[in-house]
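Peer 1: Structure below; questions to follow.
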Amino acid sequence: MGISPWVVIDNIGTLVTNDPEAGAGRLGLIRDAAVVLGDGIIQWVGARAHIPQGSADATVDLGGRAALPGFVDSHAHLVFGGERAEEFAARMAGTAYAAGGIRTTVEATRRATDAELSANAARLVAESVRSGTTTIECKSGYGQSVVDELRSLEVAAEVTPETTLLAAHLTPPEFAGDTDAYVRMVCAEMVPACAPNARWIDVFCETGAFDEHQSRAVLEAGIAAGLTARVHGNQLGPGPGVRLAAELGAASVDHVNFVTGEDVEALASGETVATLLPCADFSTRNRYPDARALLDAGVTVALAADCNPGTSYTTSIPLCIALAVREMHMSPDEAVWAATAGGAAALRRSDIGHIRIGARADLIALDAPSHLHLAYRPGVPLVHEVWKDGNRQ
Ligand SMILES: N=CN[C@@H](CCC(=O)O)C(=O)O
Ligand SMILES: [Zn+2]
């Protein structure tokens, strides 16, 4: 945030603005464009032939490269100890993913020092910036005690203002066999203790984690404490997560692999974004969500990387875009919108995810002539430059 120099980003081959009034189509594409960044915000955007003269400290010539809003990654678990490569290898050899793997990470997280957790989260954020992410959400959820959830949120707050209390990720060993007792503790002690350090309340509403009744209790406790709901739902099988999220006015329901027509209708007629996490499906060999059914029904769709040590140990939004296009039949334009404006909608942010005057000066340049190359050239590190709050990263 804050003061940054005034810079003209000139000679942009194709600019994605996500402002249909500024350019062509939903992405608001402008060819041969320029953008002026200054004091942390977008000061001007348009055709390079009309750049306002004399107002910038410097000019960066992109040489015909594409530019677009920085990616908004609205789903990440960055506060954890250890890793689970062996679990991944076993899964690739045929073992199915189950929620219980989370336990391994809870043990490692509780053992880790504050400094180790901070360093790991900072490392992952730096990695995500290198692949073009300029806003990231970060959940707790591998602490599962008041003390460990609180310190997880403190670490999360070091890297982002978008902090999420996910105490209801799994029932910890101290409450083994009595999930209801854990939920009572979360509502009575953990939510009041942690709410001042969080913006969002989340729950893993899934068989083997928390059922509808338990999920509702946690979300309502969070809402009563001033947080806004988001939900992990319908990842491993059909379930109540999507409907509950829509009913409680959640900002987003995430995963959404197994949905009914009623679920789709509930999302289409409400304000809840469907956040799809194709890297988790890739890494668990799960069925990909039916993105076409969601989009064709008018649901707002976001894409996020779901960086976590169990199901998706990647921070790469470009990989999400490539998978969304190849495996989920989203068009490249839909996928780029979902990873920028869609992520912003999932975080209820109007200041990011688009290039308009007054928006945060979060912009990336690609080593490619258009945004289409993000899906067309999978696995290639196309992100050439990143500006966050107007500062070159
Ligand atoms: N689905 C639940 N939570 C994480 C996975 C957590 C883990 O396995 O460690 C997710 O978003 O995929
Ligand atoms: Zn998650």
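Each residue, glycine too, has its Cβ placed from N, Cα and C.
Positions annotated as Zn(2+) binding site by TrEMBL: HIS75, HIS77, HIS232, ASP306. Residues or ranges marked as Fe(3+) binding site by TrEMBL: HIS75, HIS77, HIS232, ASP306. Sequence annotations record features per position, and here TrEMBL assigns 4-imidazolone-5-propanoate binding site to ARG84, TYR142, HIS169, GLN235, THR311. Taken from TrEMBL, the feature N-formimidoyl-L-glutamate binding site covers TYR142, ASN308, GLY310. As annotated by TrEMBL, domain 'Amidohydrolase-related' applies to 67-390.
Can you tell me where each of these features sits in this structure?
Peer 2: All chains included, 27 other C-beta atoms sit within 10 angstroms of the C-beta of HIS77 (Zn(2+) binding site).
In the three-state DSSP assignment, the secondary structure recorded for HIS77 (Zn(2+) binding site) is coil.
Of all Cβ atoms in the protein chains displayed, 26 besides its own lie within 10 Å of the Cβ of HIS169 (4-imidazolone-5-propanoate binding site).
Long-range C-beta contacts of TYR142 (4-imidazolone-5-propanoate binding site), restricted to its own chain and to partners at least six residues apart, with a cutoff below 8 Å, comprise HIS77, VAL79, PHE80, GLY81, ILE102, THR105, VAL106, ALA108, THR109, ASP148, SER152, HIS169.
Per-residue pLDDT, averaged across the domain 'Amidohydrolase-related' (67-390), gives 97.
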Peer 1: Give the distance between the Cα atoms of ASN308 (N-formimidoyl-L-glutamate binding site) and HIS75 (Zn(2+) binding site), rounded to the nearest whole Å.
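Peer 2: One finds 10 Å between the Cα atoms of these residues.
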Peer 1: For the recorded Fe(3+) site formed by HIS75, HIS77, HIS232, ASP306, name the remaining residues of the chain with Cβ within 8 Å of the site's Cβ center, in chain order.
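Peer 2: After dropping the recorded site residues, what remains is ALA76, LYS139, ASP254, HIS255, LEU277, ALA280, ALA304, CYS307, ASN308, SER312.
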Peer 1: If I take the Cα of GLY310 (N-formimidoyl-L-glutamate binding site) as reference, which of the binding-site residues HIS75, ARG84, GLN235 has the closest Cα?
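Peer 2: When the Cα distances are compared, ARG84 comes out closest.
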Peer 1: Could you list the residues of the same chain, at least six apart in sequence, whose Cβ is under 8 A from the Cβ of ASP306 (Zn(2+) binding site)?
Peer 2: HIS75, ALA76, HIS77, ASP254, LEU277, CYS279, ALA280, SER312
Peer 1: Tell me the Cβ contacts of GLN235 (4-imidazolone-5-propanoate binding site) under 8 Å, same chain only and six or more apart in sequence, or just say none.
Peer 2: GLU206, HIS255, VAL256, ASN257, PHE258, ALA280, ASN286
